[in-house]
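Worksheet for the structure shown next.
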Amino acid sequence: LPICPSGAVNCQVSLRDLFDRAVILSHYIHNLSSEMFNEFDKRYAQGRGFMTKAINSCHTSSLSTPEDKEQAQQIHHEDLLNLVLRVLRSWNDPLYHLVTEVRGMQEAPDAILSRAIEIEEQNKRLLEGMEKIVGQVHPGVKENEIYSVWSGLPSLQMADEDTRLFAFYNLLHCLRRDSHKIDNYLKLLKCRIIYDSNC
């Protein structure tokens, strides 16, 4: 659903509507990420011991994100909103390359490719929605566009199959992790900002 009909002038969507859409979208992205990870795991990672290697090597690890709801509760909502923006921006580049590289895989499974394309598209929509939310919650605040730079493209293009598959596995593992965090942060922010923490 487009937030404003095309050509609409001064279209104002309520903050509650924006949050509703953002929460639905982030939940959808997390579901797709989980499905894509599970599909990849089943098809390519069996018996390769990837999980034990994939600990704490996400490109967004440099952004200190709260690990659970209790930690997130301690963070001021302005900082949490900015953190969500940073994590979403940090995924623009890797998602673009993920789609390109999956397309180039031999017998690229449609179950993985179609989800990668959809996630890239929806991540952009969620980022736009979050920028609108920040604009309403803190009008006039110029948010600096800080994000974590991803440098994993060479590993997705390695000639060695094991190394390449592990790079894909790790990226999908991180995507699932981060999409889960964003989903939780947005639910928490919606509760705080829209319902004054009465939920």
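A Cβ is built for glycine as well, from the same backbone N, Cα and C atoms used for every other residue.
Per Swiss-Prot, CYS58 makes its disulfide bond with CYS174 among CYS4, CYS11, CYS174. Note: the Cα of ASN31 (N-linked glycosylation site) and the Cα of SER90 (phosphoserine) are spaced 19 Å from each other. Per-site Cβ counts within 10 Å over the disulfide-bonded residues CYS191, CYS199 peak at CYS191. For SER26 (phosphoserine), the count of additional Cβ atoms within 10 Å of its Cβ stands at 26 [all protein chains shown]. DSSP gives SER26 (phosphoserine) a helix state. Candidate recorded positions: SER26, SER34, SER90, CYS191, CYS199. Nearest to CYS58 (disulfide bond) by Cα distance: SER90.
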